[in-house]
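In TrEMBL this protein carries:
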type: DOMAIN; residues: 19-238; note: domain 'MacB-like periplasmic core'
type: DOMAIN; residues: 279-392; note: domain 'ABC3 transporter permease C-terminal'
type: TRANSMEM; residues: 20-40; note: transmembrane segment
type: TRANSMEM; residues: 276-300; note: transmembrane segment
type: TRANSMEM; residues: 320-342; note: transmembrane segment
type: TRANSMEM; residues: 362-382; note: transmembrane segment
Amino acid sequence: MSENFKMALESIKSNKLRSFLTMLGIIIGVSSVIAIVSLGRGGKEIVTGQLEKIGSSTIQIKVDSSRASNRDYISLQDINIIKEKGNYIKAVTPMVMRTGVCNVNNKEKNIYINGVTPDYRYIENAEIISGRYFTEKESIEGKSVVVLDEFTAKGLFGHKEVQGESIFIGNPNNLKKVTIVGVTKAPGYMEAAPIEHIPAMAVVPKKTLDNLFGKSQIDSILVVAKSKEDIEEASNEAINIISARHNNREKELYIGEKMIKQVEEINKVIDIFGSFISAVAGISLVVGGIGVMNIMLVSVTERTREIGIRKAIGATTKSILLQFLTEAVIISLIGGIIGLIIGVSGSFTVGLIMGVKPKVTIIHICLVLIFSSAVGIFFGIYPAKKAAELNPIDALREE
């Protein structure tokens, strides 16, 4: 076996360019699959991690806008009553987002602005690193206050010690001055991403958002139950309060959905998409395997006389078969290892730009090595068998 290994390596070394071109399909296939899978797993952890952070005891209550009239939409008064009367409810907030512009020192930047109530801090679960959240009084009165995350603060000012500073936000044609009252810690996954690739985010009272962009309807709210066990009761309680206040119980316009269910659905979508893309990338592995088979057939033709001489001096059919099969496996395995290195380094480079931490496990590495070897065996068996079955007398006649 060691002799076959040495002879296979000598054959690969003597035809370096041809061997590399043979490996190319496998290199591209393996690197693509590894990069897609590792980045996909990293991205999946970000999305699900953020949603899970919102909480397994959080429910989103949405208005069925296809059947609702203007009077059926949720109001801030509804939210206050839910919070006041809800026996199973810890916190409740609207979530209304607008895209606007932020102006700091005459420099404009696009920014996402969330209109919420103070209870949002229980849902976001973000640590305040300086200052505070806006108060209930500031929320009710629609004061011009804003909370930023640390990366938005750095992106706007170059540092995160911005409590008490003022910025102008809103529509490009209607910017209004607001005061920064607090800065929150950004999610951990953002730490690797360059500041310029992180979207600017701001949190303001819902009434302040209305002052900036005009009054907007609340078509969904987030409700936090006091415990995981209370989630169904909290959902029903909130829906019953809203329905009673709007006198539309018979319409069944309000739908409660557990956030954990959204996590599961997103996981399914990410898994299906990742599998599809990996399958597409995996086609290049098959193409690479066909390339291995073609080159090995050419190699058999070129070395027909060598095979005849080896058989004439006592080489068995099995040893010839193993020699060519070993060569095919080594080519595929080297291609797989190179592809693995390129895929891992590429995924970490892209991940650094995107702010995603790729997940490469020992299972991925083992699967690459096993699959690369399997490609070599599957596509190398036919050329190896053809070489082994050559008649030594006919082979020696070849020039």
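Glycine too: its Cβ is placed from the backbone N, Cα and C atoms.
Nobody curates TrEMBL annotations by hand; they come from automatic prediction.
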- Query: Hey, which bits of the same chain come close to the transmembrane segment (362-382), Cβ under 8 Å, at least six residues off its ends?
  - Reply: 26, 30, 33-34, 37-38, 285, 288-290, 292-293, 296-297, 324-325, 327-333, 335-337, 339-340
- Item | Long-range environment of the transmembrane segment (320-342) - Cβ separation under 8 angstroms, sequence gap at least 6 | 1, 4-5, 7-9, 11-12, 19, 22-31, 34, 288-289, 292-293, 295-296, 299-300, 307, 310-311, 365, 368-369, 371-373, 375-377, 379-381, 383-385, 387-388, 390
- Over the span of the domain 'ABC3 transporter permease C-terminal' (279-392), count residues by DSSP class, listing helix, strand and coil in order. 99 helix, 0 strand, 15 coil
- Taking all residues of the domain 'MacB-like periplasmic core' (19-238) together, what is their mean pLDDT? 86
